[in-house]
Amino acid sequence: MIDQYKHQQLQIGLVSPQQIKAWANKTLPNGEVVGEVTRPSTFHYKTDKPEKDGLFCERIFGPIKSRICACGNSRASGAENEDERFCQKCGVEFVDSRIRRYQMGYIKLACPVTHVWYLKGLPSYIANLLDKPLKKLEGLVYGDFSFARPSAKKPTFLRLRGLFEDEISSCNHSISPFFSTPGFTTFRNREIATGAGAIREQLADLDLRIILENSSVEWKELEDEGYSGDEWEDRKRRIRKVFLIRRMQLAKHFIQTNVEPEWMVLCLLPVLPPELRPIVYRSGDKVVTSDINELYKRVIRRNNNLAYLLKRSELAPADLVMCQEKLVQEAVDTLLDSGSRGQPTRDGHNKVYKSLSDVIEGKEGRFRETLLGKRVDYSGRSVIVVGPSLSLHQCGLPLEIAIKLFQLFVIRDLITKRATSNVRIAKRKIWEKEPIVWEILQEVMRGHPVLLNRAPTLHRLGIQAFQPTLVEGRTICLHPLVCKGFNADFDGDQMAVHLPLSLEAQAEARLLMFSHMNLLSPAIGDPICVPTQDMLIGLYVLTIGNRRGICANRYNSCGNYPNQKVNYNNNNPKYTKDKESLFSSSYDALGAYRQKQICLDSPLWLRWKLDQRVIGLREVPIEVQYESLGTYREIYAHYLVVGNRKKEIRSIYIRTTLGHISFYREIEEAIQGFSQAYSYTI
């Protein structure tokens, strides 16, 4: 369909029987209306031509050859009969054969049939609107239950067999013959409703606005009751409240879209255009046909049998009619969803029939296989790798991809800045990779966001906007914090990059889709930009430190200090004394690391500000060291206290590693930057 802005779009939903007829019906010059498929046949076995009123009828779906009717006549441009749209003899319209890709037909069902998607889907829309258990509705649809009409003053479900066997067993000998009389048909049509027709009657009687009002009142009453303390009753109340919310949402959707609930029960079954369910003839008289054709044949045969029985309802037993209605319902269910009744339907070769649901859904379905995932203009694709130097809102684009995406913008700026005189020379400069090209490319990229997408796009965080930067190589660089939103990792995953062209698209990308604007999960509200995988491993390695504790023994079994390093050269272990150094600031520690005096996991003592909480601790020191001048050191598990002769604390050192120091500095800088940004906004 095409909306008011001339955008092509696809919409899936319920339609009225009148709309289905409007899609298919055509009026011939003689006044005959064609569009209904009444025969299960496809092609004549002798002439290989489509059968009239069959699944491939040319009168209904259009000619097989463009502007050539079933008789073989053609309408050439400039001919005398150019104004005649239809052949006078066979009734085929003189149009292009491509009409068989979108011209639909329909099957007029002899009895109403429920749409299996709306009956057995989770949640069941029909069960939600009627506020009935799904099992009872299924029993009603498939003839296991019957529904007493309001005229009988018993609008409840009842099992006829149980009713007659238990309550009226004494009158069984006189009631049984009544079922075979013509009067029972009149009684059944007046007093009893069964099958999908009963569902349709109940849906047609619904007032959606009353459902909204009653459900809202009931939900408020349950909310006011609160918790009773009984776990079972509270659970039932919660389930009921969730059901009422779903029911209100469904009723509101039907009202907003102007859809009638009874449209969930089919009276007319649309028939797909023949080009979407083809029959292919191969060499050796082999015929390959779509499974949908076989399923349509089954529906038409069973529907014709039911129509025949209904015409002779005086002679046909009621049980036989109900059984045939059930067969029609099952045939339509198999056409729409072959696995809806449990085990999928199979053909004579034990092969599972591929229904309409199977054709549409899944990775090999019509949408994901044919319509989605195609290449589009101004897009590229490459493997993603980690970009540790990138900001959260940045991504690294390879030079090759960037110059292709922004080529038109670069050409425009080259001509605007009079670096070239025409497009041909500008393309040559780009091909030769002149320095001015890269300068202009960086200038263009600075103000133009790009979109990164990783398939499958299961939620809105599957496509986000980034500020591109040029990187060497042929891979896209990505900040590791945004991987969770894409469900991506760096083991060979690929991502597509798209270029928003219009100003509206660029504004939407900047305001709504930038990665630093999507820090929380839209589903549950939890943070989604959290360290994962590579970042967790890096943080673990950075902060693990040396596992040697401060309480290690002075000497090991070999008579060596535990603080000594072991060098294994020529299988002769040698030990060198490794003293834990004291540093007055983190800058001194980083300088020692750059001079390769310490390692990332080397334990060290870092001077810390005097903290009264530490001083006031009543922890017993592990060791106290006294020096000749009267100063002393109290060594604790995680810190060291230096005091003078007067027992005054001069300084405190904490035991840490360079990895902890680096991690702390990064967090401190991030917090300070956030505080400054927040103060600016205020």
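Cβ atoms are placed via backbone N, Cα and C, with glycine included.
Quick look at what Swiss-Prot annotates:
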BINDING   Cys69, Cys71, Cys87, Cys90  Zn(2+) binding site
BINDING   Asp489, Asp491, Asp493  Mg(2+) binding site
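Feature map: annotations from Swiss-Prot on the structure.
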{"residue": "Cys69", "record": "Zn(2+) binding site", "CB count, 10 Å": "22"}
{"residue": "Cys71", "record": "Zn(2+) binding site", "CB count, 10 Å": "12"}
{"residue": "Cys87", "record": "Zn(2+) binding site", "CB count, 10 Å": "24"}
{"residue": "Cys90", "record": "Zn(2+) binding site", "CB count, 10 Å": "15"}
{"residue": "Asp489", "record": "Mg(2+) binding site", "CB count, 10 Å": "15"}
{"residue": "Asp491", "record": "Mg(2+) binding site", "CB count, 10 Å": "8"}
{"residue": "Asp493", "record": "Mg(2+) binding site", "CB count, 10 Å": "16"}
Check: Distance between Asp493 (Mg(2+) binding site) and Cys90 (Zn(2+) binding site) at the Cα atoms, whole Å?
Finding: 58
Item checked: Minimum Cα separation from Asp489 (Mg(2+) binding site), reported as the residue among binding-site residues Cys69, Cys71, Cys87, Cys90 that achieves it -> Cys69
Item checked: When distances run from the Cα of Asp491 (Mg(2+) binding site) to each of the binding-site residues Cys69, Cys71, Cys90, the nearest one -> Cys69
Notebook entry, point to check: Within 8 Å of the centroid of the Cβ atoms of Cys69, Cys71, Cys87, Cys90, which other residues of that chain place their own Cβ, given that this set defines the recorded Zn(2+) site?
Noted result: Ala70, Gly72, Asn73, Gln88, Lys89, Gly91, Val92
Check: Within 8 Å of the Cβ centroid of the Mg(2+) site residues Asp489, Asp491, Asp493, which other residues of the same chain have their Cβ?
Finding: Ile384, Ala488, Phe490, Gly492
